[in-house]
Amino acid sequence: MKCQVLLPGTALLLSLVLLQTSTVQADRLQPKGYKETVEKLQKFYVSFEDQVSREFRRWKQQGAMSPHFRQLIQASAIGKSERAQEIRELPTAREGPLCAICRGFGGSVLEFRREGASREEVFNTTVELCTMLNLQEESICRGLIELNIDTILYIVDNRPELSSASLCAVVFQSGACVLDDPTFTEWQIDLDPNGTPVTASKAGTSQRGPNDLKIVQITDLHFDPNYRTGYNAECGAPACCRESQGVPEDPAAGAGHWGDYRACDTPWNAVEDLLDRVAEDHSDADFIYHTGDIIDHGIWETSIGYNVRSINRVIEKFRETFPETPVYNILGNHEAHPTNVYELGEVSRPDFSTNWLYHLSADLWGQWLPRAAEQTIRLGGYYTALVRPGFRVIALNNNDCYTFNWWILFQPDALKGQLQWVHDVLLQAERAGEKVHILAHLPISSDCFSVWQREYRRILERFRDTISAQFHGHTHKDEFNVFYASENPEYAVGVAWNGGSGTAHTDVNPNYVVYYVNPETYEVTDFESYAYNLTSANMSPDERPSWFRMYSFQEEYGLSDLSPAGVDELIQRLGTPAGRDELRRYWEYKVKLGDASLANDCTEDCLLNHLCEIVTNQADDLRKCQELSDTFFD
């Protein structure tokens, strides 16, 4: 047997491969010995970063990649299936490899710029690496980098102390990517000290009554003006079914008339039908909450003009369809250009400003809002409005906390501004005896920077008696989150409901949600989710989709009430073998009975992950998840 000669650094390559293939029982749980593994990973990152840096320099000096550098890239390349997933959806076993890839290759590009590389040199280099690492196809890499490079270079040039370790820890926000830079972690809001300690879960209103208010939530329409029936739904890009992607040879790969389960957004006829159905079937709705993401997933080719046209068209449809019903709108992460990028901090270049979107929103939303709301919309895309005496809405633009908002890297403590405003509005509401609904596109548990999550939880806990309900979007799932006290996690202090999505992107049916709200406490007493089956709808393109009431939360789970205390009782039940059938039903509703999701099924480990997602609202706080996992297999 011949002795095999190993290239330098092969041990690092083997380590990376082993990290990629390691598994744990449930993806959202940290396995035994996780802390020790993370400590070892920190040393691995440094070694890997050094190795990539040396090979990267050699590439730039000699003009060609060494065989070893190609090996490093090949071992680091991601699978195509991971492109379509949000970072939050990736298993714990992938945290280490992704952090290593970011630090190794991202760190080398960071050095490259700081050593004098031009914009063109950085652009060409990152496009090549993006393609070779299989992050996207070359055309998508090229478009995404072109849209984002100037923002990132400005941040890199003006934050010389920004390290690759901090950059990757913010973006990937996982236990394996440690953030130890106090610039990012040591800011906090000024909290009113007059709150009471949490000594019990928050109890609430009894079940649904005849005089309840009716509020419809519509979210994540993701209207795609480029959607074409019959065009390629299996294109491999973040958004398919588009005119530029052509008609596939296999008709089964073609886009459906009413939408598509694959990575496709919503045709205009489906947007119109959803809004018309709400108007026809729920004409007695008191209010509508429209919680963002009008723009499609063509994130590599947006422009301000493109986004403005789609936003105008959708909001005009809301105006026509609900002429007498107040609509409370908020922004989604896709409304910005570039996608996700909301300016933060003291930036000297006006071309980076998000003001175009804020001014547009103030103009379009004005008919439904008091004049006073205009000031903060123009300032940052958020507002408050007194809906009726004793009842207030706070509409956040929490897209600023999205970990893919590069401006967090520039001035992280600038996130404090809007949060402090929320605190101050809630303090005034408390003193006036008002109850409050909070609208936010991003669920607090989903993709928000962990320090922002921490500070929001402090606000929620302090004003838990004033905040009657929270409403989110973004995930495209019909789900909810329960918040627990930071110091006493046995006590539930809040619930946030998610409206799902008007888009079928990806593997879900389109839906909207109707909430029933007590007219005195403004707590949700029940909700009904409405959907249509996309497979059936596309078989009859000349007929409108057949919408149906998917379920009533109260009927399905038989709760005493939908307060934090009441919903916590359900969580405890779902966290036992006796609650397995109910938990499976929860998952089926979460994916909105989408045929494509149901075909993939959900194992017990998968179900535990979905249960953990309900109770996890801060990236580094897995106490409730661990508690549930301890009873799950009893």
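Note that Cβ sites are derived from N, Cα and C of the backbone, with glycine treated the same way.
Pulled from TrEMBL, these are the features on record:
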BINDING   Asp220, His222, Asp293, His476  Zn(2+) 1 binding site
BINDING   Asp293, Asn333, His441, His474  Zn(2+) 2 binding site
DISULFID  Cys130-Cys141  disulfide bond
DISULFID  Cys235-Cys240  disulfide bond
DISULFID  Cys241-Cys264  disulfide bond
DISULFID  Cys401-Cys448  disulfide bond
DISULFID  Cys602-Cys606  disulfide bond
DOMAIN    95-181  domain 'Saposin B-type'
SIGNAL    1-26  signal peptide
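In the predicted structure, the domain 'Saposin B-type' (95-181) carries a mean pLDDT of 95. Packing around Cys240 (disulfide bond) is summarised by its Cβ count: 26 other Cβ atoms lie within 10 angstroms of its Cβ, all protein chains included. Shown in sequence order, Asp224, Tyr227, Ala233, Ala239, Cys240, Cys241, Ala255, Ala504, His505 are the residues of the chain, 6+ apart in sequence, with a C-beta less than 8 angstroms from the C-beta of Cys264 (disulfide bond).
Rounded to the nearest whole angstrom, the C-alpha distance between Cys401 (disulfide bond) and Asp220 (Zn(2+) 1 binding site) is 18.
Taking the Cα atom of each, Asn333 (Zn(2+) 2 binding site) and Asp293 (Zn(2+) 1 binding site) are about 6 angstrom apart. Using Asp293 (Zn(2+) 1 binding site) as the reference Cα, a 10 A cut-off selects His441, His474 from the recorded positions Cys130, His441, His474.
If you take the CA of His441 (Zn(2+) 2 binding site) and look 10 A around it, the recorded positions you hit from Cys141, Asp220, His222, Cys235, His476, Cys602 are Asp220. When the recorded positions Cys235, His474, Cys606 are ranked by how far their Cα is from the Cα of Asp220 (Zn(2+) 1 binding site), His474 comes first. The Zn(2+) 1 site, placed at the center of the C-beta atoms of Asp220, His222, Asp293, His476, has further neighbours from the same chain whose C-beta lies within 8 angstroms: Thr219, Leu221, Asp265, Gly292, Gly332, His334, Gly473, His474, Ser501, Gly502, Thr503, His505. A C-beta separation below 8 Å, combined with a sequence spacing of at least six in one chain, links Cys235 (disulfide bond) to Cys241, Arg242, Gln245, Ala263. Cβ proximity to the Zn(2+) 2 site centre (mean Cβ of Asp293, Asn333, His441, His474, cutoff 8 Å) flags the following additional same-chain residues: Thr219, Asp220, Thr291, Gly292, Leu331, Gly332, His334, Asn399, Leu442, Gly473. If you measure from the Cα atom of Cys130 (disulfide bond) to that of His476 (Zn(2+) 1 binding site), you get 27 Å. In this structure the C-alpha atoms belonging to Cys141 (disulfide bond) and His222 (Zn(2+) 1 binding site) are separated by 21 Å. Across the structure, His474 (Zn(2+) 2 binding site) and His222 (Zn(2+) 1 binding site) place their CA atoms 10 angstrom apart.
Annotation for Cys448 (disulfide bond): spatial neighbours Asn398, Cys401, Tyr402, Thr403, Leu442, Tyr456, criterion Cβ-Cβ under 8 Å with sequence separation of six or more.
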